[in-house]
Each structure stands twice: as C-alpha cells, then as structure tokens.
C-alpha cells in the first residue's frame, strides 16, 4: 500500500553475512562510539551547588501577594477554590476591623487560607481565576516532608514576606 | 625450609591479599566511574575527592544491611555459596608472577607466591571451581530465578571452558611450558605471545568474559530477566561477597591475560632500564608495567560492559559451541603446522 505520510520505511530482513555473524566488527564500532563519549561534555548538573534554571512559564509553590503598601491582596472571594480542579484550596474569610487597613487591602480578607500541596496539580487555574492578582505559582519546588499534615500549607508559608522585612533581610545579608 | 623463606612468603601473600581486595574494591568505584564517563555523566563524586571513598561507604553499607536467609533455603549451602565464590576467586592470584626476581635486603625474592610447574592447569582448576559458588548459591536459595541463574551459569561456564582450554593449548604449543614464570620469562622485551597467537587471544578474551560472568555474557545474573539471577535472595555481606568475587575474578583473569599474551611484567627496553636502575628498582618498574596492563584490561572489561547488550541464551550457546570451539581447534592445527614447518626449516 502507498504510504500516505511518505515516512514509511520497509526494513529488509536479510540473513546476516559472515562479517555480521562474527559480531566483532559491530562490537568494535560500538566501542568506538562509547569511547568518544568519554570526552564529550558531561550533562550532569551538580545539584546542591548548581541549580537547573526554571523555564519562564514554570509553576511552582504558590505565594499570596501583597500590594505596594504591603497589604494582603486576597479578599477571600473563593474563586481560586472554586476553580481548583483538585480541590486543594480552602479558606475562611473574615471582615476587616478598624485599624487593620494597613494589613488588608479589601474589606474582607482570608483569615485562614490553606492549600494541600499533595492535592495540588500545579495547573495554575487559581492564578487565572484570581480577580485581585493575589495568588501566583512563582515559588520554588515544594519541598519533601515526612507527614501528610505538613503538606497542608497555611498563610504562614504562603503569604509573601512584607516588603519592609524583605528589605531588612536583604540589608542584613548584603 | 628456613624461617626467612616462610616470612618472605607470608609477607608476599599478605600484600597480595590486601592488594587484590583493594583492587576489587576500587573496581566497583572504577566501574561506576567508567559507566558514567561512557554515558556523559560524572559518576560518584560526593564521598571524598573524585568519590574515592565510595568503596568504603559501599562496604559499610553492606555490613550494616540486614542479612536475610530465606526460610525455605538450605542454610549451610546458602552460606557456603558466597564463601566458596570468594575463596576460589582469591586462589587464582597465587601463581601469577607480578614481576621479575627482586633484590631486597640482600635476598633475591621472586614476586610470585608459588611457581608450580602446572600453573596454567592450576588456574583452570580454580576457575572451574568458581562455578560451584554460583551453582550452590543459586540452588540453596530455593528460588526459581536463582535456580535459573545457577543453571545458566553452570552450562555457560562449562561450554566456554572448553573453548578457553583449546585456545590455551595453541599457546602451549608455542611456549612449551605450563609454568607462568617461564611463560613470562619467554616474553622478554617485546616478544609477547599476542604476536604469535592473535586468534587464540581473541578466543581466550571472549571466554574470559564468559567465565567471569561479565556483560555480554552475564546471563547467570541478568537483572532484567532473572532479577539478579543466582544472587536474587542474597542480601548484606553475602551479596557483597558475590560482587567482590566477580571483581576479583576480573582482576585474576586480567592478570592471566596480561601474563599469557601481553608479556606480563615485560616491556620493550627493559634490559636498559634494569641495568640502569639495578636489581631492586628495575623490577619495581616491571611491577608497575604489569599493573598498568592489568588495569588496562579491567578498563576494557568495563568498557565492553557499558557498550554491548546481553546475548540471548541461544546466541551464547551458538557462539560457544559453533564458533569458538571450531575456531580454537583450527587455531591449534594451524599453530601446530606452522611450528613443525618452522622447526624443520
């Protein structure tokens, strides 16, 4: 039959000739190839010292963002939880009290915000659903742990560090 | 027998024992390094500089692992298997001359534990005992995979021993002696036997791969088909003993090949070096040359392992019985005719 893709290859099944039956020429050829590989550049990335660069659209651990004044952007609308196909996100909302305006940008905020990292499939739909640009999957790889309960990340792990603290930390290390 | 002689031999045996062990240990390191290099990787490099402490870490791991003896196994034979494999693999080093006679503290010391006049027969005896370690271990495990591995090991070793013996007979026609010492001495300078016996060497090399159960003839322990073969049920140090036995076998067969075909401790221009350096340091160069040859062979073993895929079992038997044995016999006949003709002229 005519091949539609034009990529069809018919292999001939000839009996091996004398040289092929000796195996040795083929083996020597193969050994030549492997020997040349000894002098090629090694592909290894020496992990703890060297890290592989993430691609631009890499999705890692979530972070809950703050605005320019260091206030939490999340308003606990629950759209992320609703969009999440893995049911990984839960939250409890609370109303902003007087005197908390410097902490929360909107009048409602997430008192508890939890992501189960064992359920999360890092699809990024929460990121797309968020109307307040409060959640991004721009973190590192989620680290390994021993207990299931330790994979449920609360606000302590998710919320971005306040800008002041971050600058203080930078100032201390530099 | 004087006391000094006994002490001399005792020291030589101890040195050889430690040397064999450490070469086997570092062969495991070298194997992983060579494998890595051939596959564009870097290999073990965490334990010590260049990963040189890796064998110690591996050995420590082997010691601390749980030793499981399966309840359905034959306990005595289960322990005897790896012990026998390890013991037998050590025996081979006794007849190999690692250098010329060396002058130390006013004594002439031969660098060979014992020069028995049937050295080659001795090596063959010891090598063929090696298969018992595999057979006993595989049978005693009471596991079908192990038994399959043991059966394969036994039939493979027996088949390839014939071709190996026949290739040696052609060599013996050239050398006229069974003693390793004399064979090594005959190859003085560059008169290496490989020049007179190239075909014999290739047959011997292929058989050596089969005898040491190395790829492409590692059917007794093929991981993909028999999940480890004869050592499926082994764990901890007994497993380590089998692995060590394999590496020591590799060292011994490398040494045998270097001595029989590649001149052992001989190298071109050795007379000049010997007369320049004297009777103590001259032979030391010879020892270094010998070990360089051995290491080159060990590298070759590994190089082949990481290049060639495993033979199918019927291909293995075909190669052994239908190719290597006829070739070896033809080699004997041709060698005999050439020697007769050359003698008559």
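All residue numbers here begin at 1 and follow the chain in the order shown.
From the backbone N, Cα and C atoms, a Cβ is placed for every residue, glycine too.
No curator has checked TrEMBL annotations; they are predicted automatically.
Among the ranges B:43-63, B:190-210, the stretch that TrEMBL annotates as transmembrane segment is B:190-210. Ranked by the number of CB pairs under 8 Å to the transmembrane segment (B:160-178), the listed stretches B:76-99, B:119-140, B:190-210 are led by B:190-210. Residues 16-17, 20, 69-70, 110-116, 119, 122-123, 126-127, 129-130, 132-134, 136-141, 180-181, 184, 230, 233-234, 238-239, 241-242, 244-246, 248-249, 251-252, 255-256, 259, 264-265, 283-284, 286-287, 290-291 of the same chain lie 6 or more positions beyond the ends of the transmembrane segment (B:76-99) yet place their CB under 8 Å from a CB of it. The list of residues near the transmembrane segment (B:190-210) in space but at least 6 beyond its ends in sequence, with Cβ under 8 angstroms from a Cβ of it, reads 156-157, 159-161, 163-164, 166-168, 170-171, 174-175, 183, 216-217, 253, 256-257, 260-263, 266-268, 301, 304, 316, 319-320, 324, 327-328, 331, 335. Beyond the ends of the transmembrane segment (B:323-342), by six or more residues, the same chain brings 160, 162-163, 166-167, 169-170, 173-174, 196-197, 199-200, 203, 206-207 to within a C-beta distance below 8 angstroms of the stretch.
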